[in-house]
Amino acid sequence: MNDYTKYTIGVLSLQGAVSEHIAQIETLGAKAIAVKSLSELQQVDALVLPGGESTAMRRLMHSSGLFQALKSFDKPILGTCAGLILLANKLEGGEPPHLAKMNIQVQRNAFGRQVDSFQTDLMIKGFADPFPAVFIRAPYISRIGSEVEVLAEWQGNVVFAKQGNLLACAFHPELTSDTRVVELFLQQLKE
């Protein structure tokens, strides 16, 4: 197992399953902190953008003074569900992009409403066994740029991708006991 004890990972703490992300990160040995301010953001080696409602999260990023700092944050980022939407440089339906850090186009709520949430065994590139992916009002990636690597698809739709030190998944890895997605994210710190 890798040693992540020297790293501090932030979890943007505006909405979403913050405590669940923190628990998974700490399970792997890294220090995890909730990020609500610029001073907290400046302490971290990497950042998780959790699920939530992306438009509300954008408003909260602006009101907290974090928006511009997040746009220029150049360390590893894992975006889950709404975090994926925040990372996209294009959103279907004409909505303006949020942080626009990844060359991807995203369809919001692509798998239906809250009642249509589901869990499925997902084959992820580099994983020997399927990952128990939890999809809740999940988006999917409808277009990728040439520099984006597809890590997983479900029913022909891209649901996990990588661009440089950015990982974006449509599902919620923090809602399972399987830490492989978070470990893949933490491995970005060693590259």
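For all residues, glycine too, the Cβ spot is worked out from N, Cα and C.
Owing to the predicted nature of the structure, the values given are computational and were not obtained by experimental measurement.
Sequence annotations record features per position, and here Swiss-Prot assigns active site, nucleophile to CYS81. Feature annotation from Swiss-Prot assigns active site, charge relay system to HIS172, GLU174. The L-glutamine binding site annotation in Swiss-Prot covers GLY52, GLU53, SER54, ARG108, ILE136, ARG137 and is backed by sequence analysis.
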Key: Residues close to L-glutamine site centre defined by GLY52, GLU53, SER54, ARG108, ILE136, ARG137, Cβ within 8 Å   = GLY51, CYS81, ALA82, ILE85, ASN109, PRO139
Remark   = By Cα geometry, the one of the active-site residues (CYS81, HIS172, GLU174) nearest GLY52 (L-glutamine binding site) is CYS81
Task = Report the largest Cα to Cα distance, in Å and rounded to a whole number, among the residues GLY52, GLU53, SER54, ARG108, ILE136, ARG137 that the record lists as binding L-glutamine.
result = 13
Long-range Cβ environment of HIS172 (active site, charge relay system), under 8 Å and at least 6 residues apart = ALA17, GLY51, THR80, CYS81, ALA133, VAL134, PHE135, ILE136
Query = For the recorded positions listed here, CYS81, ILE136, which shows the highest count of neighbouring CB atoms within 10 A?
reply = CYS81
Message = Suppose we draw a 10 Å sphere around the Cβ of GLY52 (L-glutamine binding site). How many other Cβ atoms does it contain, all chains included?
response = 21
Task = Under 8 Å Cβ to Cβ from ARG108 (L-glutamine binding site), same chain, six or more residues apart: give me those in sequence order, or none if nothing qualifies.
result = SER54, ILE85, LEU91, GLU92, GLY93, GLU95, PRO139
Note = Students should find that the Cα atoms of GLU53 (L-glutamine binding site) and GLU174 (active site, charge relay system) sit apart, in Å rounded to an integer, by 17
